[in-house]
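Visitor: One structure is given below, represented as structure tokens, and several questions about it will come after.
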């Protein structure tokens, strides 16, 4: 147990710059490039492509700044990170023969950088929770919101990023249909907020290690199995039925109404039989 505790302490002291930040930028820019029409936008308007990639890379910081009434442009003040992310953007989109993109698209390398990006997610959530606490003492909801925004800001502002590329898909709003990264970031924000308020009987560095190991394990498993379904789905479905009920779809309501109407309505054969019996009674 002591060795595990020492490991978690050393892990919590890891520096994200430059290697983990680089992995985050590479994965984010590659994700931006793989969106529909992204290469066409890069050829026609490099500035729009660059801005879209920066939203993927720094969306969490921008969104959390807006929520805390801080200048969102402050993200640009970190010249080193902006230059690093911009260099990676250029190499992902414009490197000759796509050698840079294809190198990191190679599955073993992509698994490594994807795992490193999940490590940065933990640090971003924790920094958001801590930053919110410095503004609003013990405001749990605010701390959860800012931690969530900083850890999953790129997904939460995806509609705005789509507008930069000239695309409008309101049905893809993360609040309507949350993706796995947004869900797991929300869970992480809740956990780190409860730990920060001493509501969880676990140290911060142990929680950081356990949560990060969970993130990396699930991410690698999903990539190896090519799964896009949320791992939380087996829990979400029964919980939704228990807590919020299971409402019938409009099509099911119409079908049930038509079937009940058909059951209550006599058939044509029955009507003909009844009318024949009534005519016989009249003749007699």
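Backbone N, Cα and C define each Cβ position, glycine as well.
Feature table excerpt (Swiss-Prot):
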COMPBIAS  269-284  compositional bias 'Basic and acidic residues'
REGION    246-284  region 'Disordered'
TOPO_DOM  1-15  topological domain 'Lumenal'
TOPO_DOM  34-46  topological domain 'Cytoplasmic'
TOPO_DOM  69-79  topological domain 'Lumenal'
TOPO_DOM  122-137  topological domain 'Lumenal'
TOPO_DOM  156-177  topological domain 'Cytoplasmic'
TOPO_DOM  196-206  topological domain 'Lumenal'
TOPO_DOM  225-284  topological domain 'Cytoplasmic'
TRANSMEM  16-33  transmembrane segment
TRANSMEM  47-68  transmembrane segment
TRANSMEM  80-99  transmembrane segment
TRANSMEM  103-121  transmembrane segment
TRANSMEM  138-155  transmembrane segment
TRANSMEM  178-195  transmembrane segment
TRANSMEM  207-224  transmembrane segment
Visitor: Verify whether three or more Cβ pairs under 8 angstroms connect the transmembrane segment (103-121) with the transmembrane segment (47-68), leaving out any pair fewer than 6 apart in sequence.
Guide: no
Visitor: Sort out for me which stretch, of 16-33, 138-155, 207-224, has the most Cβ pairs below 8 angstroms to the transmembrane segment (103-121).
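Guide: Between the candidates 16-33, 138-155, 207-224, the best contact partner of the transmembrane segment (103-121) is 16-33.
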Visitor: Sort out the residues at least 6 away from either end of the topological domain 'Lumenal' (1-15), same chain, that have Cβ-Cβ distances under 8 Å to it, and list them.
Guide: 119, 203-206, 208-209, 212
Visitor: Over the topological domain 'Cytoplasmic' (156-177), what does the predicted model average in pLDDT?
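Guide: Residues in the topological domain 'Cytoplasmic' (156-177) carry a mean pLDDT of 90 in this prediction.
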Visitor: What residues elsewhere in the chain lie close to the transmembrane segment (138-155), defined as a C-beta under 8 angstroms and at least 6 residues from its ends?
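Guide: Those are 28, 55-64, 67-68, 121, 124-129, 131-132, 161, 174, 179, 181-182, 185-186, 188-190, 192-194, 196-197, in sequence order.
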Visitor: Using a Cβ cut-off under 8 Å, which residues of the same chain at least 6 positions beyond either end of the topological domain 'Cytoplasmic' (156-177) come close to it?
Guide: 32, 35-38, 41, 48-49, 51-52, 55-56, 59, 62-63, 148-149
Visitor: What else in the chain is close to the topological domain 'Cytoplasmic' (34-46), if you only count residues 6 or more beyond its ends and a Cβ gap under 8 Å?
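Guide: Those are 52, 93-94, 165-167, in sequence order.
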Visitor: Six or more residues beyond either end and a Cβ under 8 Å away: which residues meet both conditions relative to the topological domain 'Lumenal' (196-206)?
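Guide: The answer is 5, 8-9, 11-12, 126, 129-130, 133, 138, 140, 143.
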Visitor: Which bits of the chain, at least 6 residues beyond where the topological domain 'Lumenal' (122-137) starts or stops, bring a Cβ under 8 A of a Cβ in it?
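Guide: Those are 16, 20, 60, 64, 68, 143-151, 185, 188-189, 192-193, 196, 204, 208, 211-212, 215, in sequence order.
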Visitor: Report the DSSP secondary-structure composition of the topological domain 'Lumenal' (196-206) as helix, strand and coil residue counts.
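Guide: Across the topological domain 'Lumenal' (196-206), DSSP assigns the residues as follows: 4 helix, 0 strand, 7 coil.
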